[in-house]
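Enquirer: What follows is a structure written as structure tokens; I'll ask about it next.
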Amino acid sequence: MNFHVTSGTPEKQRTAALVVGIYEDEKLSSYAQRIDKASEGYVSRLIKQGDFTGKKGQALLLFALPGVKAERVLLMGCGQKDKVTAKNLRQSWSGAVKALQACGATEAMICPLEAKPKDEELTQWARLIVETAEQALYRYEHTKSKKESLKKPLAKLTLLLDQRSQQPLAEQGIQQGQAIAKGVNLARDLGNLPGNICTPTYLADEARRLAKEYKSLKAKILEQAEMEKLGLGALLAVSRGSRQPPKLITLEYKGAPGKQKPIVLVGKGLTFDAGGISIKPGERMDEMKYDMCGGAGVLGTMQACAELELPLNVIAVVPSSENLPDGAANKPGDVLTSLSGQTIEVLNTDAEGRLILCDALTYSKRYRPDVVIDVATLTGACVIALGAHASGLLSNDQSLAEHLLAAGQTSDDRAWQLPLWDDYQQQLDSNFADMANIGGRGAGTITAACFLARFTEEFRWAHLDIAGTAWLSGKEKGATGRPVPLLTQYLIQRAQEAKTS
């Protein structure tokens, strides 16, 4: 979709559809008031008659409104004025986009709720509009023989502002929104692909494709033989039950001088997880194709970073394999030697994500990182604790944790911090190795992070458990693209700090 910015009065705009917000309790947004005045109270009469209440997500399409040059006016319900949040506005705008798509409008114009928002609010609003529009129009069709037929796709959206001086701020928001939307859609596509297509080799090829598309990106893939020489024993043990060769995928972005320490993003790329010898129940096992959403999210973030040309150095590391049962697969009771030299007793082969991540975290040390952030669909315990709304966050550096929490709030891709206390480490004690790969039923998300913490003592590190936020089940089943918005916002914040320092 193409996005543009213009300024002027709403009633004088020639467009296929003009979108204005309406609050509950018969309250009109500032732009809706202008439309109401131009139409001699048409909108307010509709509301008083009960034809439109302004409830969140409600949409009403009006044709040939008197005194208004737009072909259609779409009233967008925004809920109670004093309770409008970014999440509520996303829901309202998503419903409006679907209404525009249904009516066959190929282009439309949308107004802010208020004529004179603060600078930061205007940029965030423009970004939200773009991200939500792209998300609402997303369709997965890669493995369908028949494509979904649409009347005419919504191809152009113009953001209408009160003053021309506001346009640069909105254009900045559009640029950020388009970059994030591209990254989110890439992560969703990769997550939604079935495991027989999106293999470790496919993920590696996707990294190579990104490197060809963006000159600022450089891809490097470690094959099994190279990993054996280096001693990535934990990652290789997980992959032994699969016929698909494992990969260690790196994608480097250089947007700053070489002396600037890189930010390293590590993403779990387990393209299918049957649990190995500790095999999972059959119910919903198909959703284990989503176990690579950490890796997909990291690749999507790298694309967004390249789109924005951020003045940072960022490196993605994606350990990728399958976890399947086979005569060669690792077994409960096996002891593995990781790249760090530490030994691990495997008590449950279905706790494999931490095994491929620990070698990737150790591998990240060679880049002398400023910070390392790993992203993984790691524990069912996180789904129980936080559900589908917040990702779990644990860190050995409180400043880093606070920056990520702030990025989550700004991007509406929120996280919730859990403790990483030494008290939990004893749950990983083993009589036969330096540690066990699980710590019992209690505090499963925390003990998984405690396991990873043993491989991150030499750098600042944060862990995002996205097991509850990476995909949806049920009627709306599919990958969400999270945490691309959170990670990209964190990188935007770091880039802004770099400019001012």
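From the backbone N, Cα and C atoms, a Cβ is placed for every residue, glycine too.
Taken from Swiss-Prot, the feature active site applies to Lys280, Arg354. The Mn(2+) 2 binding site feature in Swiss-Prot is assigned to Lys268, Asp273, Asp291, Glu352. Summarising the annotation, Swiss-Prot assigns Mn(2+) 1 binding site to Asp273, Asp350, Glu352 and lists sequence analysis as the type of evidence.
Give me the structural setting of these features: burial, nearby parts and distances.
Expert: Cβ neighbour count for Lys280 (active site) (all protein chains, 10 Å cutoff from its Cβ): 14.
In the three-state DSSP scheme, Arg354 (active site) falls into the helix class.
Taking a C-beta cut-off of under 8 Å and a sequence gap of six or more, Glu352 (Mn(2+) 2 binding site) has these contacts in its own chain: Val238, Leu270, Asp273, Gly276, Asn323.
If you draw a 10 Å sphere around the CB of Asp350 (Mn(2+) 1 binding site), it holds 20 other CB atoms from the protein chains shown.
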Enquirer: Measuring Cα to Cα, how far is Arg354 (active site) from Lys280 (active site) in Å?
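Expert: Cα to Cα, Arg354 (active site) and Lys280 (active site) are separated by 17 Å.
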Enquirer: Can you name the recorded positions among Lys268, Lys280, Asp291 whose CA is within 10 A of the CA of Asp350 (Mn(2+) 1 binding site)?
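Expert: Of everything listed, what lies within 10 Å of Asp350 (Mn(2+) 1 binding site) (Cα to Cα) is Lys280.
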Enquirer: Please work out the number of neighbouring Cβ atoms within 10 Å of the Cβ of Asp273 (Mn(2+) 2 binding site), leaving out its own Cβ.
Expert: 25
Enquirer: Given the recorded positions Lys268, Arg354, which one is most crowded in terms of C-beta atoms within 10 angstroms?
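Expert: By the 10 Å Cβ neighbour count, Lys268 comes out on top.
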Enquirer: List, in sequence order, the residues of the same chain other than Lys268, Asp273, Asp291, Glu352 whose Cβ lies within 8 Å of the centroid of the Cβ atoms of the recorded Mn(2+) 2 site.
Expert: Leu270, Met288, Met292, Asn323, Gly353, Ile356, Ala376, Thr377
Enquirer: Restricting to the same chain and to sequence separations of six or more, state which residues have a Cβ under 8 Å from that of Asp291 (Mn(2+) 2 binding site).
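Expert: For Asp291 (Mn(2+) 2 binding site), the qualifying residues are Lys268, Leu270, Thr271, Phe272, Asp273, Asn323, Gly353, Thr377.
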Enquirer: Would you list, in sequence order, the residues of this chain other than Asp273, Asp350, Glu352 that have their CB within 8 A of the centroid of the site's CB atoms, where the site is the one recorded for Mn(2+) 1?
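Expert: Here the nearby residues are Val238, Leu270, Ala274, Gly275, Gly276, Ser278, Lys280, Asp291, Asn323, Thr349, Ala351, Gly353.
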